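Peer 1: Can you keep this structure in mind? I'll have questions shortly.
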Amino acid sequence: MVGYLRTITTLLLQPIRLLGSYPSGAWRVDLLAGVTVGLVLLPQALAFSLLAGLPVAMGLYTAFVTAIIGALWGSSSHLHSGPTNTAAILTLSVLAPFFAVGSPEFLAAAGLLAVLSGLIRLLMGLAHLGLLVNFVSDAVAVGFTAGAGLLIISNQLGPILRVHITPTAGVLGTLGAAFSQWATVHAPSLLLGLGTILFITFWPRVTRRVPSVLAGVALLSLMAWLFDLEGYGVRNLGALPAGLPPLASLPFFDLELIGHLINGALAIALIGLVEAVAIARAVAGHSRQRLDSNQEFVGQGMANIAAGLFSGFPASGSFNRSALSYQAGAQTALANAFSGVFVLVAAFALNTLIARIPLAVLAGALAVTAWGMIDRERMAQIWRGARGEALIMTVTFGATLLLPLQFAILTGVLMSLAYYLLRTSTPRVDAVLPDPEFQHWEPHNGRPQCPQLAVVDVLGDIYFGAVHHVEETIDAILNATPSQRFLLLRMHSVQHCDISGIRMLESIRDVLRERGGDLYMTRVRDPVVYRMRMVGFYEQMGPDNFLDEDVAIDHLFYHIIDPAVCIYECERRAFRECYTLPKRTLPGGAPPITLLPLGAEPVPTLRPIELWDALHSDLPPLVVDVREPREFRESHIPGAIAMPLDQVLTQQHKLPLSGRLVLICRSGRRSARAAEALIAQGYRDLRILEGGLLAWEQENLLMAM
């Protein structure tokens, strides 16, 4: 608790750290960068306030307050807070259903909306809930901003054509209203709007030293003044109020209104935070600055609360102003604060000139900036990528055009969550085999599999939502080859396995053991092993069932699966180890080899040293080597006779019924198979060399080469 309070205090005292560590001599560079950004911020503040259906004075107040507060409490040295296209169109969308656009109630609700969205951002920052913005995926953000861009462009038809169009009519309604009033279109306003669009579009080809929006608004406004277009019916901004931003009288205790606005405030907060964090990270990629997302949330929250209290409306981070701040050489966040001061000073000094800016010119500037919101390159990338993300982007785009914007965002977020749950609940579960060079594992793609051992990759978490899919897929893999009674799960992609997943693994293990087989796992992550130990599953399985990947197949091949099936029944060579065994067939008419039950050893075993002693006793046993002739010729126990397993199985041998027989092979599996057959043929005094010749060699006992 004390640590958490200390963290909150640190987040709230960011201005003290910023000012206390301010480098000497940086103020000149920051001041110049602030003025440069302010030249862009001024016309945008005017335009975005009109986009939100608010007086231009509120845009200036918002620009002044949020630029300063966002700079002082934020984490990024270059993220610029203030009015934005997205925040403005969201504000209009949230408020228009409840109030007449431009009415006193509308203005007060805009301030309250800023405070509510700011409180949400502030609380998310203090609670370290920055990860929540991750649920607004790129597909949602790109689809929403593209749709919002089209909405903004359509909303500029009214000022450019000088016709009356309801701000909340939507794209289709706006186009219909504009078409129905085509006869009353005001030609001078139309020419000013189109001229502004063309000028701002082509100005960067002339020079980039002067911002295109500032140059376009200034030049077209000058032309309107020179030709006295106001006298021909062109509508201007009008006079601006002088003075500092006044404290707003907000309906804080109107709980019904707060209930109406809270969903919209949440949508504005989420989209604003996604924008701010994405912009800050993009600029930090160039500046190499380390960011604190929670501090940035606090900064955005404080900025919006201050904007609402001082007669402003919701704001967010701006990419073009942030990039301009970095390009202008800003060294600290105070450069953004200087831009806010510049806007207020310039508004006072240029009050008369600003009042004469035509609405059609600002509408043209807004249309150009809104067109820039449609990121066609990223839309194409998403469209060419996963079909699910393309669908999310398309639906969010359509919802933005057809639904209230806060519900469009909610639709996109819910679709993203549903897509995530669908994807994680159906992880890939592939039966795999080594590639032809035995270098990598790959899906079998119809290639013949081992009749005894299935190797399966689980490529995703095994949690309650995915258990059914994983279990069904593994069952289908095993049922496709019913003789497979051993299963090796490759678990390297399983980062999390909850209790439901462990119960599913228990069920698969029980089914395999009923078949006479078992379940093995390799590359199990430490957190997953820890969870298995906590619930007792690890001990139930046994440590021997958790194998090292490098030796897993080798261990299973030489110690677990039945070599008789490999030699006499299976013509496949699924694994590299298969090439170490000869492939032979039983004589015609011989019964097929039945699967040897796991762990079935019908006769007692002898340890290597016990067999050594017995061979040097007065009555040594007869040692019968059931390996293939090639293996026997390479090395064998002195005095042993070669009796390949196929001869034992088909009774093509003359082993004495009396006297003790000791059966040996490489690892003991073929010996168990031979013992089973000999018992059925009437032999009783049998022993098996425990561990086979591998154990004999480990004891450094004599071999005949």
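Residue positions begin at 1 at the first shown residue.
Backbone N, Cα and C atoms are what each Cβ position is placed from, and that goes for glycine too.
Where the annotation comes from TrEMBL, it is an automatic prediction and has not been curated.
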Peer 1: When TrEMBL marks a stretch as transmembrane segment, which of 109-127, 185-203 is it?
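Peer 2: Transmembrane segment, as annotated by TrEMBL, spans 185-203.
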Peer 1: State, in range form, which of 31-52, 185-203, 257-280, 355-374 has the highest count of Cβ pairs under 8 Å to the transmembrane segment (328-349).
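Peer 2: Between the stretches 31-52, 185-203, 257-280, 355-374, 31-52 has the largest tally.
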Peer 1: State the non-local partners of the transmembrane segment (395-422) in its own chain: residues 6+ outside its ends, Cβ under 8 Å from one of its Cβ atoms.
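Peer 2: For the transmembrane segment (395-422), the list is 89-90, 93-94, 97, 135-137, 139-140, 143-144, 146-148, 150-151, 170-171, 263-264, 266-268, 270-271, 388-389, 465.
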Peer 1: Find the average pLDDT over the domain 'Rhodanese' (622-705) in the predicted model and report it.
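Peer 2: Mean pLDDT across the domain 'Rhodanese' (622-705) comes out at 87.
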Peer 1: Could you tell me what the rest of the chain brings near the transmembrane segment (58-75), counting residues at least six beyond its ends with Cβ under 8 Å?
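Peer 2: Counting only partners 6 or more residues beyond its ends, the transmembrane segment (58-75) has Cβ contacts under 8 Å with 12, 14-15, 18, 41-42, 44-50, 52, 81-83, 107, 110, 114, 240, 245, 280, 291-293, 295-296, 298-300, 302-304, 306-307, 310-313, 315, 317, 333-337, 339-341, 343-344, 347.
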Peer 1: Residues sitting near the transmembrane segment (257-280): Cβ under 8 Å, six or more positions beyond its termini, same chain?
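Peer 2: Apart from its flanks, the transmembrane segment (257-280) reaches 74-76, 78-79, 81, 84, 86-87, 90-91, 93-95, 98, 109, 112-113, 116-118, 120-121, 124, 130, 132-133, 136, 141, 144, 251, 291, 293, 296-297, 300, 304, 314-319, 322, 405-406, 409-410, 413.
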Peer 1: How about long-range neighbours of the transmembrane segment (31-52): same chain, 6 or more residues beyond its ends, C-beta under 8 Å?
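Peer 2: Residues 58-60, 62-63, 67, 80, 82-85, 87-89, 91-92, 110, 152, 155, 159, 211, 213-214, 217, 237, 313, 318, 320-321, 324-325, 328-330, 334-343, 346-347, 354, 357, 359, 362-363, 365-366, 369.
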Peer 1: Six or more residues out from either end of the transmembrane segment (185-203), which same-chain residues have a Cβ under 8 Å from its Cβ atoms?
Peer 2: 156, 159-163, 210, 212-213, 215-217, 219-220, 223-224, 229, 232-235, 358-361, 363-365, 367-368
